[in-house]
């Protein structure tokens, strides 16, 4: 009876395949480490203080900090007081990028973080729970002499979290508070060359607007965008890997359909995993270079979430199918207790993403981190997600241990076989155990990548230490997923080679006693591999 390639391929060929996959894995790390630059770049901007001389404060007017049509500027608020310029007439202007530079669609996204420089004054201290009200607008243009076109305008509130590290005395007046970074703006694509931010801090003492926020001296912004060089390497990897996975997917399913029996659950799940890998591989990001698709960031998150859900579910089913007996296996409903939480967690990820990036499609200044409740929910979500990922990995380790113990129990029938047949099955068991260890390694790297990605995405929002993730880690993990899915589809595809054909040609009676015993105890169970059949014989004994 023909089995899967993992058990019928010769050891020499299997080693060659393993070495080739290992070389590709090393190459995927090297692409990120040696070729691609750092994934993101952070650029610091200091807002220019412009004076709005128009009493009606026309929203269609844009203030440029430099250039031929630059605004009337002041150096500091002392100058404004000497010239009797009110705070409502001051506009903080920031041009992105810096002079003599251009933004590019290859940057993919732009995240802007805000920080206030607030000086300590005895008569104007920051009150507890102080909230800054920000009237902000963003505009764009594609040439230095063109008119600015408004992209978005909003009135936002950001809670100040500042500490004064020295004693609050008159001698320390003028020293600055240490204030946390605040989320400010996120664009899902960078379709234009130039962007302009105009920021106002309107003051209304009667309505307590911007009262008790201290003496703001300056506004600093940090613009974070993806490096164009990294984007090109990332797109190239996707373009190369898409046809590779698609070809092996079609080849795998064609071999499945050629069998006389219907595909079992494990084979269907492997095919679904290949489909999800193909879905996340398709380089639709190429279109973002030529089209103003603001939803690409959200779409990328959805694709990755679907792949996460499928990959985690596959590992559960892959292990479970080697634990269940024939009466229980091959039924998806058996796994609802394990797969259900994965689907629920993925749905929560989707809702969390829609609550922020979904709203940002209309208002790029919105942030779930802007409120206390939103910050606590986001922090709790990241912590719970990390804990659940670790618990999942521990549960997967337990399942693998159970599989190994199950197989060890089935080995009791091996001593009754001939030496050649016993060595054959011991070799199959070794190959399967090695594949399970590779699966655990892949799962561990995936969990680490997920946790670091969540922390790295949130560190600007909480103002904590940065977790640096270099390009090699991104390209390496992405390459690992593709190579793992490729290997699973290749190794678990039905083989045309039949074990024992060569031996039967040289032996007069191929149906020996041990072959009959093997048939009655193992091969009567339908499945992709002999190990799969061996672990499912319990109900038939």
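Quick reminder: no glycine exception, Cβ is built from N, Cα and C everywhere.
These features come from TrEMBL:
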DOMAIN    48-226  domain 'Wntless GOLD'
DOMAIN    227-496  domain 'Wntless-like transmembrane'
TRANSMEM  233-253  transmembrane segment
TRANSMEM  265-284  transmembrane segment
TRANSMEM  304-323  transmembrane segment
TRANSMEM  335-352  transmembrane segment
TRANSMEM  377-407  transmembrane segment
TRANSMEM  428-452  transmembrane segment
TRANSMEM  472-493  transmembrane segment
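A Cβ distance under 8 Å defines the sequence-distant neighbours of the transmembrane segment (377-407), meaning residues of its chain 6+ beyond its ends; these are 312, 315-316, 319-320, 322-323, 338, 341-342, 345, 348-349, 352, 368-369, 429, 432-433, 436, 439-440, 443-444, 447, 450-451, 454-455, 458, 461-462, 531, 534-535. Among residues of the same chain six or more beyond the transmembrane segment (428-452), those with a C-beta under 8 A of the stretch's C-beta atoms are 6-7, 14, 308, 311, 315, 318-319, 385-386, 389-390, 392-393, 396-397, 400, 403-404, 407, 411, 467, 469, 473, 477, 480-481, 484, 487, 491, 529-531. Sequence-remote contacts of a segment are chain residues at least 6 beyond its ends whose Cβ falls under 8 Å from one of its Cβ atoms, and for the transmembrane segment (233-253) they are 28, 31-32, 35-36, 270-271, 274-275, 277-278, 281-283, 285-286, 471, 474-475, 478-479, 482, 485-486, 489-490, 492-493.
Only residues 6 or more beyond the boundaries of the transmembrane segment (265-284), in the same chain, are considered here, and those with a CB under 8 A from a CB of the stretch are 235, 238-239, 241-242, 245-246, 248-249, 252-253, 256, 296, 299, 303-304, 306-307, 310-311, 313-314, 317-318, 321, 329-332, 481-482, 485, 488-489, 492, 527-528, 532. Mean pLDDT of the predicted structure over the domain 'Wntless GOLD' (48-226): 88.
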